[in-house]
Amino acid sequence: MEKIIVRGGKRLNGTVRVEGAKNAVLPIIAAALLASDGKNVLSEVPVLSDVYTINEVLRHLNAEVVFENNQVTIDASKELNIEAPFEYVRKMRASVQVMGPLLARNGRARIALPGGCAIGSRPIDQHLKGFEAMGAKVQVGNGFVEAYVEGELKGAKIYLDFPSVGATENIMSAATLAKGTTILENAAKEPEIVDLANFLNAMGAKVRGAGTGTIRIEGVDKLYGANHSIIPDRIEAGTFMVAAAITGGDILIENAVPEHLRSITAKMEEMGVKIIEENEGVRVIGPDKLKAVDIKTMPHPGFPTDMQSQMMALLLQADGTSMITETVFENRFMHVEEFRRMNADIKIEGRSVIMNGPNSLQGAEVSATDLRAAAALILAGLVSEGYTRVTELKHLDRGYVDFHKKLAALGATIERVNEKVEEVKEQEVSDLHA
């Protein structure tokens, strides 16, 4: 088993560059299935386990995929298979994003029910509601969801009960090849939605209104391969903003888009963090003393749920009582118990977490419960006394490229080790003293 070992006490300083956005690239790779003519070439693609997984899904569906030098080339011009099996989908719930493109291209899709981070039920009912509105019949059973349409999908007016990012992306992709116009209301407004729409339009789609609550998609007969560069990862940028603030450091985060970080910036400035927009990105300077604040996660442009656990680590160092309320996902507080292992004064009350600070955290062996919790525990380790050992790094690898190396380059005392290697080293040390 691999683990990351971090020793607290260092101020982080320097420059770090964020990768392309994980939450943008996965639905974009899935949407590449819509192009029945030509190749799609995607640049600024992060080297993440989730990207390898979605690439394998596409290969299983009979697309040709080449991933090298942060570029993915996809040729989906051959006849596609209709089924994405459990062996792939169980690893990552974003695999369900191939359903809309398959339904639009083939008139049928059969997808194993998704996996991914264990943060609540995260149902796909809004995806299926959209497909049904466009004329598809949907069946769920035996661990699969199957959708099929006789003839072709038809444009429809669809209202989402909640501005689900995944549902917005899946329905938007499916609607590009539907007959007629689809109007999607109460749509998600995240920057990743806009990036997907830009990619679809580059392929020849007619998508308007992405980034607003109402998206209009006029169906076309065919989509073609295109070139597209993935937007920077705002969650990775936010994570390094916290790294600067929590250590009282000074970090320039390159390839960050300030407009995508407004809600994070606002809360951190409330806490006393200095944030400067520069041509290269965002510079973050941590204060000597952090102020307590309250945060409520909301759909974009509200505070992102994917930054909740990292901000929790930061608020543990703030002076006073802070509260975080999670409104987007249920069961996203599993990392609270791990913070307690580090001597944090923190408790759960319903859908909120209350923290009293500042905390004198102590290094401990902790387990990452999901992707963002993994980063949060490492951030907490940066300011803990002694050594913090973080396990279950498979979660971290789903969303961060060389996270420990980037932190080390900023001055952190951190390394990633194989448990067996560590045991051998410890044995060698004990042998020397025998």
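Just so you know, glycine gets a Cβ as well, placed from its N, Cα and C.
According to Swiss-Prot, the protein carries these features:
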BINDING   Lys22, Asn23  phosphoenolpyruvate binding site
BINDING   Arg93, Arg122, Pro123, Ile124, Asp125, Gln126, Asp306, Val328  UDP-N-acetyl-alpha-D-glucosamine binding site
MOD_RES   Cys117  2-(S-cysteinyl)pyruvic acid O-phosphothioketal
ACT_SITE  Cys117  active site, proton donor
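Following the DSSP three-state reduction, the secondary structure of Ile124 (UDP-N-acetyl-alpha-D-glucosamine binding site) is coil. Cα of Ile124 (UDP-N-acetyl-alpha-D-glucosamine binding site) to Cα of Asn23 (phosphoenolpyruvate binding site): a distance of 17 Å. Between the alpha carbons (Cα) of Val328 (UDP-N-acetyl-alpha-D-glucosamine binding site) and Asn23 (phosphoenolpyruvate binding site) lies a span of roughly 16 Å. Each residue contributes its Cα atom, and for Asp125 (UDP-N-acetyl-alpha-D-glucosamine binding site) and Asn23 (phosphoenolpyruvate binding site) these two points are 20 Å apart. Most buried of the binding-site residues Asp125, Asp306, judged by other Cβ atoms within 10 Å, is Asp306. The two recorded residues, Asn23 (phosphoenolpyruvate binding site) and Pro123 (UDP-N-acetyl-alpha-D-glucosamine binding site), have Cα atoms 18 Å apart. Neighbour density at the Cβ, taken as the number of other Cβ atoms within 10 Å, is lowest among the binding-site residues Lys22, Arg93 for Arg93. Between the CA atoms of Pro123 (UDP-N-acetyl-alpha-D-glucosamine binding site) and Lys22 (phosphoenolpyruvate binding site) there is a gap of 20 Å, rounded to the nearest whole number. Rounded to a whole number, the C-alpha distance linking Lys22 (phosphoenolpyruvate binding site) with Gln126 (UDP-N-acetyl-alpha-D-glucosamine binding site) is 22 angstrom.
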